[in-house]
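Student: I'd like to ask some things about the structure below.
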Amino acid sequence: MPKNSKVTQREHSSEHVTESVADLLALEEPVDYKQSVLNVAGEAGGKQKAAEEELDAEDRPAWNSKLQYILAQIGFSVGLGNIWRFPYLCQKNGGGAYLVPYLVLLIIIGIPLFFLELAVGQRIRRGSIGVWHYVCPRLGGIGFSSCIVCLFVGLYYNVIIGWSIFYFFKSFQYPLPWSECPVVRNGSMAVVEAECEKSSATTYFWYREALDISDSISESGGLNWKMTLCLLVAWSIVGMAVVKGIQSSGKVMYFSSLFPYVVLACFLVRGLLLRGAVDGILHMFTPKLDKMLDPQVWREAATQVFFALGLGFGGVIAFSSYNKQDNNCHFDAALVSFINFFTSVLATLVVFAVLGFKANIMNEKCVVENAEKILGYLNTNVLSRDLIPPHVNFSHLTTKDYMEMYNVIMTVKEDQFSALGLDPCLLEDELDKSVQGTGLAFIAFTEAMTHFPASPFWSVMFFLMLINLGLGSMIGTMAGITTPIIDTFKVPKEMFTVGCCVFAFFVGLLFVQRSGNYFVTMFDDYSATLPLTVIVILENIAVAWIYGTKKFMQELTEMLGFRPYRFYFYMWKFVSPLCMAVLTTASVIQLGVTPPGYSAWIKEEAAERYLYFPNWAMALLITLIVVAALPIPVVFVLRHFHLLSDGSNTLSVSYKKGRMMKDISNLEENDETRFILSKVPSEAPSPMPTHRSYLGPGSTSPLETSGNPNGRYGSGYLLASTPESEL
């Protein structure tokens with residue numbers, strides 16, 4: 001063999017050797033394929049290095065254990081929304097009645113689509129960009145949109161972690177700094193801060209001490225330096241957790257995923273021992289059946305399913321892409337979905353137990369305040385003492401006695417009753433006061449904890465739990481950004497990850513202005529919801545209708561070793577796309593009928609007021625939605641009219657001794673060329689083929705040599721004939 005032949009180069013050099021398939025088949029001699037394996041790669045103009053295309057099972061990082069992977073998926077899916085959004089939706093949408101639409105949509109949309117994302121990520125072993133490029137190149141923009149949505153969510157989500165860090169450090173005090181209103185000097189007199197006196201100590205601390213919030217989104221007010229520092233700490237923690245990929249984040253998951261359950265269990269036991277906890281739990285599980293027929297409830301339940309499981313973000317796909325090909329992702333989908341739902345219910349039990357305790361405290365306070373009003377009216381002869389039942393003792397007034405007295409006064413003084421300003425002090429009214437999102441954690445829950453014995457301990461545990469829940473979700477969110485970019489563009493992992501964190505910190509300064517909380521509302525409630533719905537429905541369509549459900553089920557059968565339930569076939573093919581189409585339509589109509597707005601804290605009134613976004617904020621909101629969804633139509637148009645290459649100008653082969661590298665991103669449309677693969681598929685699993693190149697089991701590859709199974713390139717290789725190895 002000539003010394004300058006490419007095979008000789010390959011045998012004596014660790015460098016890559018790249019040549020065309022035709023040249024390889026025509027000129028080279030058989031070689032020992034047990035020691036040297038082929039790398040198939042697309043090369044534009046013959047100049048692109050094959051090394052830039054390599055990403056195979058041997059090189060790609062892998063989870064150290066199945067437990068680490070499951071904890072990562074749980075950490076990503078179980079987040080802050082399970083702690084405050086799910087309980088709020090239960091409280092708002094009829095208590096136990098809300099569980100019905102949520103469970104139905106979890107079964108027909110959530111679990112099937114979660115299984116779908118797990119399967120395509122594990123099969124193709126790429127991030128979201130690579131996955132959807134392989135499944136359907138014209139819908140390759142789905143992956144880019146997922147990255148943008150992840151960026152939007154990560155920007156404000158880490159701000160919430162920063163808030164939790166602020167409260168965490170403030171919790172190392174006794175009494176807690178939000179337990180009492182501050183006292184200010186007015187000359188020689190000491191008076192309670194007026195804004196705090198009109199609202200409450202916890203509300204005042206949240207809006208004034210923590211956020212120092214402005215009266216509207218149009219009033220920037222400058223940076224809040226305390227929250228800026230907390231945001232820097234939050235991004236530093238996230239950066240250290242993800243800088244090495246799953247090698248670093250996987251170890252963090254052992255603590256960040258398990259610790260919240262320890263805290264929730266402690267809070268549940270403590271909450272059940274509180275006076276009034278049973279009232280709160282019974283209130284939660286008492287269904288208001290009329291809510292089950294409200295379309296808005298079903299729309300909110302579907303949105304919560306998407307966010308709860310992390311569908312469409314790309315994090316699920318990124319994590320599953322580091323799995324082995326034979327991993328049972330069918331079991332993983334059911335397990336993680338169940339744990340997610342169980343966590344939501346557990347958190348709701350804890351929240352309603354604590355809120356039941358808080359409602360009893362507030363109800364007793366209401367009784368005392370109104371009893372003092374009645375005593376004042378009795379002393380000034382506004383009310384006659386004959387109206388007071390003889391058994392009522394004002395020094396030991398119970399809620400039952402107050403209600404009896406209240407009803408008598410209301411009946412006798414019907415005409416003048418409204419002028420007396422007496423409140424009914426009903427426990428149900430306190431329980432029905434729904435507190436949304438951050439207000440549930442940073443106002444309602446913190447207020448309840450001030451009444452706990454050893455309140456600083458419980459506060460430290462609670463906010464440490466929030467930090468860990470947020471960290472687990474942020475690791476998955478960052479994976480949804482970094483994994484597809486690194487897979488596709490081969491950028492240095494550490495440098496790109498650090499760059500993302502630095503960039504996100506500086507953009508995140510928008511959220512730590514005094515008006516920053518209003519921008520959090522904009523991003524959380526509007527900018528991600530509609531694009532995310534579009535992404536999920538297109539993912540479903542790409543697999544079920546373009547790639548083909550039957551073909552996908554067959555490949556799952558060969559990958560898993562058993563055939564998934566036919567239930568998934570019908571969900572992917574018909575039910576889930578139809579439900580998501582209805583959801584998308586309802587979201588668009590809702591956005592058009594109800595102008596987007598936010599709850600602003602007005603300092604002079606010491607109360608919230610709902611305001612609509614101004615024109616410039618509406619323009620920003622629309623821009624965010626368009627930017628998130630824009631890659632989908634842009635990539636579709638460019639590839640439909642062949643204005644954007646999919647990297648398939650040339651088919652070449654690159655070798656590297658002792659290693660196997662495969663990439664099928666270079667398939668042209670209608671190109672049914674088969675690739676030469678490893679003899680042992682499990683050692684070097686290939687990505688899932690696009691629908692165009694699938695020839696079915698038992699088909700013959702165009703590269704297959706005829707009549708001589710042991711002829712040139714026949715030794716040591718099996719040609720692709722199954723979805724496991726077929727490209």
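Backbone N, Cα and C atoms are what each Cβ position is placed from, and that goes for glycine too.
Source: prediction; values computed, not measured.
Just lifted these from TrEMBL, have a look:
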type: BINDING; residues: Gly75, Val78, Asn82, Asn340, Leu469, Ser473; note: Na(+) binding site
type: COMPBIAS; residues: 698-709; note: compositional bias 'Polar residues'
type: REGION; residues: 680-727; note: region 'Disordered'
type: TRANSMEM; residues: 69-87; note: transmembrane segment
type: TRANSMEM; residues: 99-120; note: transmembrane segment
type: TRANSMEM; residues: 141-169; note: transmembrane segment
type: TRANSMEM; residues: 225-246; note: transmembrane segment
type: TRANSMEM; residues: 258-278; note: transmembrane segment
type: TRANSMEM; residues: 301-322; note: transmembrane segment
type: TRANSMEM; residues: 334-355; note: transmembrane segment
type: TRANSMEM; residues: 457-483; note: transmembrane segment
type: TRANSMEM; residues: 495-514; note: transmembrane segment
type: TRANSMEM; residues: 526-547; note: transmembrane segment
type: TRANSMEM; residues: 567-593; note: transmembrane segment
type: TRANSMEM; residues: 613-638; note: transmembrane segment
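Set these features in their place in the structure for me.
Tutor: Proximity of distant same-chain residues to the transmembrane segment (69-87), defined by a Cβ-Cβ separation under 8 Å and at least 6 residues beyond the stretch ends, is recorded for 63, 157, 160, 246, 249-250, 253-254, 256-258, 260, 304, 307-310, 315-316, 319-320, 322-323, 327, 332, 335-336, 339-340, 343-344, 347-348, 351-352, 436-438, 440-441, 465-466, 469-473, 475-477, 479.
Within its own chain, the transmembrane segment (99-120) is flanked in space by residues 90, 131, 135, 287, 292, 297-298, 301-302, 304-306, 308-309, 311, 316-317, 320, 329-330, 332-334, 336-337, 341, 345, 536, 539-540, 543, 552, 556, 559, 564, 567-568, 571-572, 575-576, 579-580, 688, which lie at least six positions past its ends and keep a Cβ under 8 Å from the stretch.
Within the chain carrying the transmembrane segment (258-278), a Cβ under 8 angstroms from the stretch's Cβ atoms is held by residues 71, 78, 343, 346-347, 349-350, 353-354, 356-361, 452, 458, 461-462, 464-465, 468-469, all 6 or more beyond its ends.
Here the transmembrane segment (334-355) has long-range neighbours at 70, 73-74, 77-78, 82-84, 86-87, 90-91, 99, 103, 106, 110-111, 114-115, 261, 264, 267-268, 271-272, 274, 277, 280-281, 283-284, 308-309, 431, 440, 444-445, 448-449, meaning same-chain residues at least 6 beyond its ends whose C-beta is under 8 angstroms from one of its own.
Here the transmembrane segment (457-483) has long-range neighbours at 72-80, 82-83, 127-128, 146-147, 150-151, 153-154, 157-158, 160-161, 164-165, 167-168, 171-172, 176, 237-238, 241-242, 245-246, 249, 252-253, 255-257, 259-260, 263-264, 266-267, 270, 310, 313-319, 321, 441, 445-446, 449, 493, 496-497, 500, meaning same-chain residues at least 6 beyond its ends whose C-beta is under 8 angstroms from one of its own.
Long-range Cβ contacts of the transmembrane segment (567-593) within its own chain (Cβ-Cβ under 8 Å, at least 6 residues beyond either end) map to 105, 108-109, 112-113, 115-116, 295-296, 299, 302-303, 526, 529-530, 533-534, 536-537, 540-541, 543-545, 549-550, 552-553.
Remote same-chain partners of the transmembrane segment (613-638), defined as residues 6 or more beyond its termini with a Cβ less than 8 Å from a stretch Cβ, comprise 138-142, 144-145, 148-149, 152, 217-218, 522-523, 526-528, 530-531, 534-535, 538, 595-598, 644.
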Student: Test the contact criterion for the transmembrane segment (526-547) and the transmembrane segment (225-246): 3 or more CB pairs under 8 Å, pairs 6 or more apart in sequence, then answer yes or no.
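Tutor: Not in contact, no.
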Student: Let me know the most crowded of the binding-site residues, choosing from Asn82, Asn340, Ser473 and counting other Cβ atoms within 10 Å.
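Tutor: For the binding-site residues Asn82, Asn340, Ser473, the Cβ with the most other Cβ atoms within 10 Å is Ser473.
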Student: Counting only residues 6 or more past its boundaries, what in the same chain has a CB within less than 8 Å of a CB in the transmembrane segment (225-246)?
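Tutor: Here the qualifying positions are 61-63, 72, 158-159, 161-163, 165-166, 210-211, 252, 319, 322, 471, 474-475, 478-479, 482-483, 493-494, 497-498, 501-502, 504-505, 508-509, 511-512, 516.
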Student: Just jot down the residues in the same chain as Val78 (Na(+) binding site), at least 6 apart in sequence, with C-beta under 8 A of its C-beta; none if empty.
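Tutor: Set apart from Val78 (Na(+) binding site) by at least 6 residues yet with Cβ under 8 Å, we have Ser257, Pro260, Ile339, Asn340, Thr343, Leu469, Gly472, Ser473.
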